[in-house]
């Protein structure tokens, strides 16, 4: 059943003028790498993720089969992200330090996520059913130009997401799950014109999603995709069943099989896998009034500005909701949303995994936005990020000079014992990104660009500005407040030099109980 062409956009070629490649790449690289290096692991998930990777990098084969933190089993996620992080520590740790080497994993997954979102939106944007109205005398954009513009918009929307900043820069399995959700969506989109390749990518993404997190989310997504393929008839269902499903099953079961066959004690492996599956199942025992209230309060600000654009895309393409550009993102988004509502203790993890399909869907709202809506988004972002950036500078000045006095007193009351440090490198980076923001503001206020990506470029640049400022001017303060370095240094001064930290626990473990010293960055 072909979707009926009810909602058609009217655009000229000038509305799809390309965003400069260097600018898009610069925003991605600066945003993705800022805050990854030259810092300690943050509390709590970031430090736990690094602890597992470090244990693998310094351990033996049994540790790789059953990930742990210095002997204590870690069943909150699958091992795939930890495997990659442990490998990076082994290869690059001697040059970069263990904690910085582990965060190469985060950078790798972040850039793969960006690529999947861009190429997925590009392929959808070239399809015939979404092309703008063809004028009698021409002047409409070509499918390639239109697809590139929509792809730029999708990536900018993703980068503009407020909640991506901290969670997208931590060393946790969440960044791997985020990447594999985006890869899964890209595989579905690729399957529209290349069924075999797309099914392989989709199956690989589903299998890796299971290895990075747990089995329930990939299972529910698979069921949703099969239902979507049956109802909309836009997906080739045969390759999904004969290629994608076997690939995902082989990948998903590879780790449990290896753990059972290669473990020194198969009983430990069975217990570990059972606890991993049980932990995943307990995440979806049903909603509570508290959990629903938490989602209502936090999801909308976390996913700004992605969710209003995605909602507008759903509304503006009301006559084509079975078309791939709406149906395929929803095939991923709907099961994720259902599972989020079933969590008795939801958190940012569930919110973040919604962003890739919402960003791809949201970019199709850009051609249909009215000028007033575009101006409202632009000016709100411009004003908000300018004020927030100014606040970051003000707090830094108060921290370094003691003026304004009230802000300085509040800061030192919150962080007793903190001593500010000055870095010319951090100051120079902050000045450069602030100058770039001023240039963008001047460009936007002095001109009225026609390109449809203009509605989100200010938001993406604003999140980049704010994140870079925090990771330069505020990084020493954040390290003091969010890492274990001060506690570890105080403990090391109070304990004898020959003292070895012992972990005491009763849970089954792939290791014997033993003492171990973590690296100083932990």
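Cβ atoms here come from the backbone N, Cα and C positions, even for glycine.
TrEMBL labels come from automatic prediction, so no person has curated them.
Residues 96, 100, 103, 106-107, 110-111, 114, 152, 155-156, 159, 169, 433, 460-461, 463-464, 467-468, 470-472, 475 of the same chain lie 6 or more positions beyond the ends of the transmembrane segment (21-38) yet place their CB under 8 Å from a CB of it. Residues annotated as transmembrane segment in TrEMBL: 21-38 (among others).
Under the heading transmembrane segment, TrEMBL lists 74-92 (among others).
The transmembrane segment annotation in TrEMBL covers 104-125 (among others).
Residues annotated as transmembrane segment in TrEMBL: 145-165 (among others).
Counting same-chain residues at least six beyond the ends of the transmembrane segment (172-189), those with a Cβ under 8 angstroms from any Cβ of the stretch are 45-46, 48-49, 76-78, 80-82, 84, 105-106, 109-110, 112-113, 116-117, 119-120, 123-124, 198-206, 208-209, 212-213, 217, 221, 225, 235, 244, 324, 328-329, 331-332, 336, 349, 352-353, 355-357, 360. Annotated transmembrane segment per TrEMBL: 172-189 (among others), in sequence order.
Per TrEMBL, the feature transmembrane segment maps to 201-228 (among others).
Per TrEMBL, the feature transmembrane segment maps to 240-263 (among others).
Summarising the annotation, TrEMBL assigns transmembrane segment to 350-369 (among others). Among residues of the same chain six or more beyond the transmembrane segment (350-369), those with a C-beta under 8 A of the stretch's C-beta atoms are 7, 9, 11, 15, 113, 116-117, 120-121, 124-125, 130, 132, 150-151, 153-155, 157-158, 161, 163-164, 167-168, 174, 177-178, 181-182, 185, 217, 298-299, 302-303, 306-307, 309-310, 312-314, 316-317, 325-326, 329-330, 332-333, 336-337, 339-340, 343, 377, 452-453, 455-456.
The annotation transmembrane segment is assigned in TrEMBL to 376-396 (among others).
What TrEMBL lists as transmembrane segment is 422-443 (among others).
Sequence annotations record features per position, and here TrEMBL assigns transmembrane segment to 455-475 (among others).
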Open item on the list: Cβ pairs under 8 Å only, please: of the recorded stretches 104-125, 201-228, 376-396, which one is richest in them relative to the transmembrane segment (74-92)?
Closed with: 201-228
Task: Beyond the flanks of the transmembrane segment (145-165) by at least 6 residues, Cβ under 8 Å - done: 11, 13, 15-19, 24, 27-28, 31, 113-114, 117-126, 130-132, 301-306, 309, 348, 351-352, 355-356, 359-360, 362-364, 366-367, 381, 451-453, 455-457, 459-460, 462-464, 466-467
Open item on the list: Check the transmembrane segment (376-396) against the transmembrane segment (240-263) for contact, please; criterion is three or more CB pairs under 8 Å, pairs 6 or more apart in sequence.
Closed with: no
